[in-house]
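As recorded in TrEMBL, the features of this protein are as follows:
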BINDING   Gly30, Glu31, Asn32, Ala33, Ser34, Gly35, Lys36, Thr37  ATP binding site
DOMAIN    3-342  domain 'RecF/RecN/SMC N-terminal'
Amino acid sequence: MTIQQLKITNFRNIASADIYPTAGVNLLVGENASGKTSILEAIYLLSMVRSFRSKKIKSLIQHATEQFTVFGSIAAESGNSYSLGVQRHQQSADTEILFRGQKPAGVAEVTAALPVQLINPDAFRLLEGSPKDRRQFLDWGVFHVEHSFIDCWKRFQRALKQRNSLLRHGRIDQLEMSLWEKELSENGEKITALREEYLTSLKPLFAELLDKFLGLDNLTLSFQRGWDKNVDLVESLFLSRTKDREQGFTQAGPQRADVRVAVNGYTAMDILSRGQQKLVVSALKLAQGALLSQARGKQCVYLIDDLPAELDKQHRKVFCEVLEKQSGQVFITGVDAEALAEGWLNPDSISWFHVEQGQVSPKPHLGSE
Ligand SMILES: Nc1ncnc2c1ncn2[C@@H]1O[C@H](COP(=O)(O)OP(=O)(O)OP(=O)(O)O)[C@@H](O)[C@H]1O
């Protein structure tokens, strides 16, 4: 997927922008608070229909205006182009999405059409955050690669909600409980198998990238499925009914899964430097893009907020080379044009944009100024 045109209206501090990015690397340079991250946020919104910075989508509407609009013209790998627009009005209860001129069935349809990977300071959460952050990472990949996942996931969530609500009832209807446990475990086992399979496919791609970035060959990823490995989920649920009733929720299952990232047996975030953590997280995200391309022939759009931060010159150079060699579209922000200009193999193929007080304009390549 490639964004050929991006039009932004009344979004954060951007009153109006209309840009034509290149299919490869796009660099967005500007001072603090100029609006660089807002552009990444607008692209992320097109894919996820939410922000990565704010839970309240209305906070994205430019102050003193009524609504924002983000529009993208997207080129698919098939050669077809289609339009995607997301709009939110102050007075409206919903966010409007228009995909190929129509209202999509759900957000998942849009997300599947425009896979976006974000590497920003919050991406560290993948290592230092809760298991939920790592499950989200894993499920992003499974969702894009395995189309049956979304249906299993929805059915699983519904069954989990039902079981939790039964657990809180005064008297449990054993038959109803068994029925929901069956539904929960059938879908839970499928989700787990898909997650395991996905992680197995991801590992070699991740190892290859990590080797380029850091040469950390003793780093391991291990999947923890979320319940006792010696029993089936249905059995585990049955055995834990009494304990779950006391707690008021289901304790075992894929909703407790995790991916442990360890170096020589130690939790990665406890021993890696900040720069190493950034490269591990980046390698994980780039590996997801590579797997999507390998499995589905789809390219992902990478959003990288402040690439130079935390990385020395040498690691920045390796990172740039990897980004240039992979086939997805990349948007990178930075405050220092010189630091951003370093390390590219083909600087002439890169598009530059200057961002200043919410205005976005194409910028001549640094060397040609
Ligand atoms: N709803 C809004 N309406 C108008 N301006 C807003 C709104 N929300 C945020 N802003 C402002 O938009 C500006 C742009 O912020 P943004 O984070 O995009 O800048 P940036 O260029 O990425 O900065 P930095 O380099 O410091 O990360 C900030 O000054 C912020 O206060």
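Cβ coordinates are placed from backbone N, Cα and C, and glycine is handled just like the others.
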Would you mind pulling the DSSP three-state label for Gly30 (ATP binding site)?
coil
Sparsest Cβ surroundings (other CB atoms within 10 Å) among the binding-site residues Asn32, Ser34, Thr37:
Asn32
Intrachain C-beta neighbours of Ala33 (ATP binding site), sequence separation six or more, cut-off 8 angstroms:
Asn13
If you skip the near sequence neighbours and keep only those at least six away, which residues in the chain come within under 8 angstroms of Gly30 (ATP binding site), Cβ to Cβ?
Lys36, Thr333, Val335, His354, Val355, Glu356
If you skip the near sequence neighbours and keep only those at least six away, which residues in the chain come within under 8 angstroms of Glu31 (ATP binding site), Cβ to Cβ?
Val335, Glu356
Helix, strand or coil at Thr37 (ATP binding site) [DSSP, three-state]:
helix
